[in-house]
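First comes the structure, then the notes that go with it.
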C-alpha cells in the first residue's frame, strides 16, 4: 500500500520526453497506488479549460484511467496552472483541493501544498500571486478570446523568466518562519511540497517536536516522486 506525490512536471508540447515519462509513470507506477496527489505545475501554463490543445486531452485521458482503475487523483494548483478548473477536473477524474490540505495517510498526518506560499521573501511574486488569484481578475481573463489569452500567457512567461534571472536564489526559496508557521498552524510534523525545484528532505525543529519537510523535484531530465507507506516517506528520483 502506497500513496504517491508528484509536482512540477511543467508539461508542454515543447517537451515530449517529459510527457512520455509521465504517461509511463501513470501506467507503471500510479495505477498500482492507493492514490496520486499532484501538487501543482502539472502544466507549464494553463489559460483555461476551453483550450483545445491535444496534449491536454491526452493527459486528461491518462489521468481518467486512474479513476477507472479505482485510484483517486487529487490536484493542488501551482503557480503555472492556477486557472485549471472544474471542467478539466471532471474530464480527467481529478479532485481539486484547496491550496493547503492536511491528509492522514497510514496514521501519519501530512500537510501538502504547492509551496509558493512559503516563499514569502519574494515580495514581488507574492504581490503578483495575490493579484492573479483575485476571482474577478481570473473571470475577466477567462472571458477574453483564446488567442488573446495565449499572447498574454506568453508575455507573462517571458517576464517571469526575466524577473527570476535577476533574483537571488535565497529569496526564491522558502522562508523558514513561514515553514514553521505552516507546521504549527496545521498541528502536523510532516510536509510535502514542490515549487522550488530543490528536492530534499529537511528536518525542522518545532517547539515540541522535530518535523520533516519533503521537497519534490521538477521533472527536467528525470522524474521525481514521494512515496508514502505505513513504514516510511521516501523521496525517489527515476528515469523517464
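The backbone N, Cα and C atoms fix where each Cβ goes, glycine too.
Quick caveat, the model's predicted, so the values are computed rather than measured.
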Just to be sure I read the record right: 8, 10, 197 are listed as binding Mn(2+) 1 in Swiss-Prot. Which of 34, 41, 173 is listed for the same site?
41
Further Mn(2+) 2 ligand in Swiss-Prot, beside 41, 79, 195, within candidate set 114, 127, 133
114
Would you identify the secondary structure of residue 160 (substrate binding site) according to DSSP, in three states?
helix
Binding-site residues considered: 8, 41, 122; fewest surrounding Cβ atoms within 10 Å belongs to 122
For residue 160 (substrate binding site), the number of neighbouring Cβ atoms whose distance to its own Cβ is within 10 Å equals 14
I'd like the Cβ neighbour count for residue 195 (Mn(2+) 2 binding site), meaning other Cβ atoms within 10 Å of its Cβ, all protein chains included.
26
